[in-house]
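Colleague: From TrEMBL, for reference:
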type	residues	note
DOMAIN	208-478	domain 'UvrD-like helicase ATP-binding'
BINDING	Gly229, Ala230, Ala231, Gly232, Ala233, Gly234, Lys235, Thr236	ATP binding site
Amino acid sequence: MEIVEQEVTRLDGIHEAIERYAVDRLRTIAKHEAYTKELEQERLNAVGWHEKNDLTEKLVEHGHHSPRKYLHEFTQQASPYFGILGIHDNDKRIGKKEYLIGNQTLMDGQRVAIVDWRKAEITGPFYEGYDIGEEYELTIRGVEREGVITRRDKVAISRKALTRIETPSEVYELRGGEWHKNGSACESTADTKERTEDHRMVDSIAALISPEQFRAITKQREGVVVINGAAGAGKTTVALHRLSFLMFDAPEKYRPERCIVLMFNRVLRDYVKQSSDTLLGPVRVDTYSAWSLTALAALGVHSLKTSFDDPFGAQKKSSLMPALLAKYVKETSKIEPVTDLWRFLMQEYVVSTLFQDSGETFRREAERKFEAKERVLSFSDISILLRLAQLRRPAGTVVLGALNAYDHIVVDEAQDLSSLELRTIVAATSPARSLTICADEKQQILSFLDSQGFSSVMAQLHSQGLEKENLTVSYRCPKEIVDLAAQVSGRKVDASRAHAGVVEFHATKTSTESMAKMRQLVEALVQAAPGSLTGVICKKKADIKALHAALAGVRGLHPEGEISFSPGVQVIHAHAIKGVEFSHVILYNPSSYDYRQTDPDRNLLYVAITRACKSLHIVHHQPLAKGLV
Ligand SMILES: Nc1ncnc2c1ncn2[C@@H]1O[C@H](COP(=O)(O)OP(=O)(O)OP(=O)(O)O)[C@@H](O)[C@H]1O
């Protein structure tokens, strides 16, 4: 197979180039550092202050050109590239050329041996779905280029060895030490997780990015980009790759220390950790709640205690809150921030707007806290306090980490943030208001949020030039689950890229029988694929204990209350599973009593069933929720 021989030879050449680069890099660094030492010695020996000053200036200037800043270590030895793009350019000086595309640029002397996938002006045709022989028009470094695409192949290199070549028409694969033509479909991210026994989000899917995802990733460099799409369409993946692209494309504009990724909860934050480390390096990835506390500290509000209890949490997340707060700030002057918050909540117009009947208890509570200078706040209070503290600052004030300061913010699962929370995030970005917002209104699961909140903020951002990208293809779930999800949510999704999977219903007569069935299913799944992760999902937190008891002793059962992404079995309630995924999902008794005909319940059921990458088992002893039958 000629193509295999060619590619093996090419890879050998790249390995040699990697070694040359490493040697050259260390040599250049050593030379630079030796000269630094020489200058330091000269400065030490210098007698006159004039001479000392000159040498200090020279040292500073020399420091600016440290090769450590631009000659980065090449870290992709095991799998240096994943794509080959061939062009035949009309410009005879360029002519026929092949680019290798990988996760990091590799220089071989003055020649670029591997192009970073984020160099979109070159890699665009690789991602944008060009056919072989199709004409292209590109602008590379301001120069118009025209020609035809001659090659667009994917390769897999594992532990430095070529294992697969995928051309638009053929797949060559190394199996059992022999190369075969017409190999199988490429490994799914679910299979990768099972093989590596790590069920956090896979670090980079740069090799797999689809044309619509590439467009969203490289979309308009400034302003707000909203990534919409069904569960498993790659919203979070695209958002992380997008920030990675922005920081690569314009490092002076998107500085890692001035970018942040805000996730829905700690489970999701831990789930994306591996991926965000690879793609974003030192960028902070945190929950909204954790960030809001640090933002308040940056605004000078310290010594707060937080509490999860708040009987009025829902009212405080009302979409009417931003207007109330704006009125209050206009009519009152600044006092100590926490006292300011209680005073705001005591206002007659606040109480009468938030409560249709009597808000007496609410008002009395706010008055008591005002008098007592209370420092214990619920997370709903925290977001009001943060917005209040932002609004109290003169327009245009920059406060690092809190106000008019971030170069870019990624917000995941934004549909479940209140309008006030979203406003605190928007206000924290620099005036360019550069944000990537992932949202799917069919996954809004917080019953206490009124849905106008999210749409009102989107409408406001729309008037400021928001761009929407809709991801239409589902990658996570098999076709059978995509179909069931469409039945539950009432939304059709493109399942053309979906693999085959399993949806099975198991009806029993009693909860005891259901528990026994769950155990039987879990044991079979763990035994069949020890590297897999099975999610046992229930609606009520109270069921977790009973399920743990029923599964006691099953191999790989994660301890109760501890979320882990290692292989085994995780019992978890439906509100904690947003954004994450499991090889298999077993849904415990999704009855019509637990999942009623309300939007949040329907959405919660949709979220639960779309967590499965391979199979979904529904075990029930009560009538099933609508949509499942
Ligand atoms: N182009 C692609 N090819 C193959 N797999 C992909 C692609 N894009 C994303 N994936 C995989 O699909 C899965 C779902 O991606 P992701 O979690 O980003 O989707 P999402 O839209 O954020 O889902 P949810 O709405 O449930 O949070 C992940 O395992 C991801 O690695």
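Using the three backbone atoms N, Cα and C, a Cβ is placed for every residue, glycine included.
Could you place these features in context, so I can see how deep they sit and what lies close by?
Modeller: Here the domain 'UvrD-like helicase ATP-binding' (208-478) has a mean pLDDT of 93 out of 100.
The DSSP secondary structure for Thr236 (ATP binding site) is helix. Counting every protein chain shown, the Cβ of Thr236 (ATP binding site) has 25 other Cβ atoms within 10 Å.
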Colleague: Non-local Cβ contacts of Ala233 (ATP binding site) (under 8 Å, 6 or more apart, same chain)?
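Modeller: Ala233 (ATP binding site) has long-range Cβ partners Leu471, Thr472, Val473, Ser474, Tyr475, Val493.
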Colleague: With respect to ligand 1, which members of the binding-site residues Ala230, Ala231, Gly234, Lys235, Thr236 satisfy a Cβ distance under 6 angstroms to one of its atoms?
Modeller: Ala231, Gly234, Lys235, Thr236
Colleague: To test your reading of the ATP site: which residues beyond Gly229, Ala230, Ala231, Gly232, Ala233, Gly234, Lys235, Thr236, same chain only, put their Cβ within 8 Å of the Cβ centroid of those residues?
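Modeller: Neighbours within 8 Å of the Cβ centroid, excluding Gly229, Ala230, Ala231, Gly232, Ala233, Gly234, Lys235, Thr236: Thr237, Asp440, Leu471, Ser474, Tyr475, Arg476.
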Colleague: Sequence gap of 6 or more, C-beta under 8 Å: which same-chain residues meet both conditions with respect to Ala231 (ATP binding site)?
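Modeller: Once residues fewer than 6 apart are set aside, Ala231 (ATP binding site) is near Asp440, Lys442, Gln443, Ser474, Arg476, Cys477, Ala485, Tyr606, Val607, Thr610.
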